[in-house]
Amino acid sequence: MATVVELSPTSEQCEFVLGLPVNKKTPPRKVPSLCSMRYSIAFIAHICNFTLIAQNSIISITMVAMVNNTDQPSHLNSSTEWFPDGLNGDQHEASKHLSIKAPVYNWSPQTQGIIFSSVQYGMMLMQGPGGYLAGKLGTKKVVGIALLGSSLLTLCIPLAANLGLAFLLATRAVQGLTQGAGYGGQFALWQKWAPPNERSRLCSIAMSGMILGIFAVLLVGGIISEALGWPFVFYIFGSIGVVCCLLWLILVYDDPVSHPWISSPEKEYILSSLDQQFNSEEQPLPIKAMLKSLPLWSMCLCSMTHQWLVNTLIIYTPTYISSVFKVNIRDNGLLSSLPFFVAWVIGILGGLLADFLLSKNFRLITVRKIITILGNTPPAALVVALPYVQSSYIATTTFLTLSCGLSPLCQSGVYINALDIAPRYASLLMGTSRGLAHSSAVMVPIVAGFFLNQDSEFGWRNFFFVLFAINLFGLIIYLVFAKADIQEWARERKLTRL
């Protein structure tokens, strides 16, 4: 008869991690990072995130070429009515040139807004379930299928647009579901691949791909549309996604134990570092305890308020530059892409900074809070200051670049806090928190439209003050209630059968 015996932490010298025995008395021997398999996987995840965010956002760039500007003014979002006449003239000339190479449509600004938002609801809804499915079925399958689905749907968008608005909206909605599953599902990787002292840098490398994707779309989307026609932007990024999917399915495995090409020293190092994560029997989700957990709620709230800042920068940087400096659309793209390149670099460096502080014996919760403060307060303060320096071209560009550049530091702070407080449920919790945070992508244009439609000059100032207040509120809640130790409801019972 099987008897369940609970072992105390000191009753055994050897424990099982991911199904393999690991001697706890032997300290893990660090394996060189360069060319290691865990960093290769982080780089592949970086490329996949690059592809997903590019596929998500390219229609915002191609919309200028897709819309017949003779009949309807082009609106990239709810507040682009503030584009100056000179810019609209440039868009009109560009559209006449591009219509020779590709079809154009008579979509009203309201219709364009529906097209933009149609992908966001699926993104918001599927990140949590994507993380849960990855924990059950494996990250390799969930993210691989999601990336392939998003890429094939990207290739189909020009055809869907030709078939009619309903087909385009349906394609974008389903694409949002696949992208949400791809974003949420990837976090399960770091439960089994990231040693605690390297989690910050590995996660920051992976997630920085999103920022690079935005930079690439802003930089080359208009160039491709002008040279080849807007459908080729979708064809190129869709094809890139198919190639990335093949790389993912070939090179990525759910854990070090199943990877055929990982070296034995690296496998031993990872497993020894993860000696608190056991391959125990299935246990039900502690939903009630999760709902009562203040550290978990503070993490979710701070993620959402920070995403409010991030989505404001992504959506309204081109609009603000245009409304203040009246530059043409090509220069606008170059100016708008610069902050995201800086953000990509700082996002990766932020992970190194967090792990460096940990190596200097800073407490883990202290590091998470320091990094989160740096990614929230200075960027929000710089955004609030923008209306007061708009007379200076250099100052405005510098403030935008610094604000956008510093905000990704939170990738090594609040966004990976779930790996600290509940490692066995990290994929579900990180996906859910990112899904809740993504709701800001829907709310930001609504709030911005309310302020900007009332008054151009004071609208930006009031909108930025609201942003600062929301951002500060989430940060204060996080600083008060955040934890970095494993919560009681997330602990596993170490069981063996005799």
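Cβ from N, Cα, C; glycine included.
Now, the feature entries from TrEMBL:
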type	residues	note
TRANSMEM	39-67	transmembrane segment
DOMAIN	41-486	domain 'Major facilitator superfamily (MFS) profile'
TRANSMEM	142-169	transmembrane segment
TRANSMEM	202-224	transmembrane segment
TRANSMEM	230-253	transmembrane segment
TRANSMEM	337-358	transmembrane segment
TRANSMEM	370-388	transmembrane segment
TRANSMEM	394-416	transmembrane segment
TRANSMEM	428-451	transmembrane segment
TRANSMEM	463-481	transmembrane segment
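If you look at the transmembrane segment (142-169), the same-chain residues 6 or more away from its ends with a CB under 8 A from one of its CBs are 48, 51-52, 55, 58-59, 66, 102-103, 105, 107, 111, 114-115, 118, 130, 133-134, 175, 178-179, 181-182, 185-186, 230-231, 234-235, 237-242, 244-245, 248-249, 252. Looking at the domain 'Major facilitator superfamily (MFS) profile' (41-486) alone, the prediction's average pLDDT is 85. Residues 197-205, 207-208, 211-212, 214-215, 218-219, 313, 317, 364, 366-368, 370-371, 374-375, 397, 400-409, 411-413 of the same chain lie 6 or more positions beyond the ends of the transmembrane segment (337-358) yet place their CB under 8 Å from a CB of it.
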